[in-house]
Amino acid sequence: MMFRGEAKIGAVVDAVAVGHHAPTVAENLQRNQLTVQSRMACAHGRKPIRTWFSLVLLAHLSFADPQLDLPPLPQVSSTQRNPYGGYGLLSSTPSINSPGNQYDVQNRNFQYSTSRPLASSTAGLYPGSSTPFSRINPDISNNGYPSPDYGNGRNPSSTLRPYDVNRDDRIDVNSDPNFRRNDPNFARTDPNYVGASPYDFGGDGIGNSIEDRYQRVNLQQVRDFLAHADEQASKECTNNVAAQWNFETNVNDATQHAALDAQQRYTLFQRGLWEAAKQVPRGAIRDFGTFRQLRLLSIIGAAALPPDQLDRYNRIINDMLAVYNTAEICAYNEPFKCGLRLQPDLQNIMSHSRDWDELQHVWAEWRRNTGRRIRDLYEQLVDLTNQAARLNNFTDASAYWMFPYESFNMRQEIEEVWEQIKPLYELLHAYVRRRLREAFGPERISRSAPIPAHVLGDMWGQSWSGIVPYTLPYPGKNLVDVTPEMIKQGYTPLTIFQLAEEFFVSMNMSAMPPDFWSLSVLEQPVDRHVHCQPSAWDFCNRHDYRIKMCTHPDMKDLITAHHEMAHVEYFLAYRNQPKVFRDGANPGFHEAIGEAVALSVASPRHLQTLGLVQKSIDDTAHDINYLFTQAMDKLAFLPFALVMDRWRWDVFTGDVRKEQYNCHWWRLREQYQGVKPPVLRSELDFDPGSKYHIPANIPYIR
């Protein structure tokens, strides 16, 4: 099942070969250097896996063990981040939800629209305590978590410190001065903590030579430490995820502030645990599982920066995202019609307009109002990101980003995988270029040059689905759409997810636990605002898993529901692992599983099995159109995703100087994608910054 769609998509070779013949990209690009525009641009500064690609790549690299869940830092700006697409439609990215393994492509900043309230309790909070899960009586109105216990004399907003497991000191997050000034070093300055840790591996006076430290280590003591840390990490994670869930499913100022506070508290927790784990001399530990847990606990990303630098890091990202999320342009030939935003205005123009000049105007103006304005900030971010990587014992940020894949030569392996995919992509590129020549004329689209990036149906040329209607190999054969049949048969959000559960149970996978059905949000509530981006949530307690999705009875949501439930099935598969291992085998594996399932569910034969396709469509024309549509979305995305991170790896390593940023970007775009800018570019521009993940500093090759 997993590879059915992947194998079928290879038949696009036949679709292209049967339909048209044109020179391949390899032949053309070998004969052609950069266009005149590109050469002029480079003179100014002279001297690259989306979800389906991750499936191919991960089949090659999936021998890694599960990785540590590294949460992002709390970020506050004057604007919210702008979400893109549903989960599985773009690459998955970290968000404020990440600490609980919630799979959600949204990445947003949360703004303070009012003064910050000092609440006496936090909805959905599960205080760090010894209450066994068996004694919890779920309260649906409180998201399945007990209300704080006011009878024990403890502040309901307090939290147990993880690194001092023999004490019951608790931090009042509303009044503790260290917490309120956001000092990640509070554990070292708190007089109640100094010298209290039973896991002080360097403080027994025996000596600090390597030999002495080796002799001092007791494997059982380390395992005890990891067991206590795992228990508390799970509870802290549950607290944090519950607060994020409250905000996502009931968007208001109070839940927003609570979510930010919970994220901040979780970050402080991780830093304290990091400092304790760093004291353990891992070289003396011969047990691989124990060694691996300590290794993963010793990596916390940007949280390792000193407080002032961490604050500067967050402010730079927030400032760049504020520019990105508020960017607007004026309409083509209508100077008084301004305020056009990326979603939905500009994306709609890029996918539906066939006016060459309008597309060129929108393409250039978006980059002028986004990337060009953040270039200086991004240069500062590069330095801070590299500094954080070095504090985590990596040579630079590219090594830190590649670490979770646990490959000694990841860049080489990615290139090898791309070389295997490249022949199919070249055929698709040649066919699409020919059809674009027919649409726009040979004077605009050369038969032997890269394709101008603004006519591919998308702001970034990452998905070519927008131009499918006039590039289909068999225009008279309509694509399969089972939405009318779903409506006719009375499908509801609940029945869609029940059907998805049957799909997984039929493969001998787990049924959804009871909490899933009682606590998930599967359709838009009528009484409150919900962030409707589809996402799957792991509450870190081995029994509570949920999906948040405003489901509609249509084909798109039918596929998405299966995709999201695939994440939950993966949650269930590794739920008995320690917290540090409760994540995908690597950052791309979760998405790969979801996309493999989605490809299988979307196949015409499976839809026919479900009774949603009433007549046989098992003919060559329908098959080729279906495979071509998949290729225009999945296959066309691969080189763009590769360029996104290949460019940043080169920047982080210092192979590309800041005076070459934009020129190197377009050099890679032409090398891998076979596309070029539609207008002259220079080093005054910063075209990578027009894509959200660059200012957000989020890895893309996942």
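Just so you know, glycine gets a Cβ as well, placed from its N, Cα and C.
Remember, TrEMBL labels are computer predictions, not curated facts.
The structure displayed is predicted, hence computed values, not measured ones.
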Which of C550, C663 is the other half of the disulfide bond that TrEMBL records for C532? C550
Taking every protein chain shown into account, which of the disulfide-bonded residues C330, C338 has the largest tally of Cβ atoms within 10 Å of its Cβ? C330
When you measure from the Cβ of C550 (disulfide bond), which residues in the chain that are at least 6 apart have a Cβ under 8 Å away? V521, E523, Q524, V530, C532
What is the total of other Cβ atoms whose distance to the Cβ of C532 (disulfide bond) is within 10 Å? 17
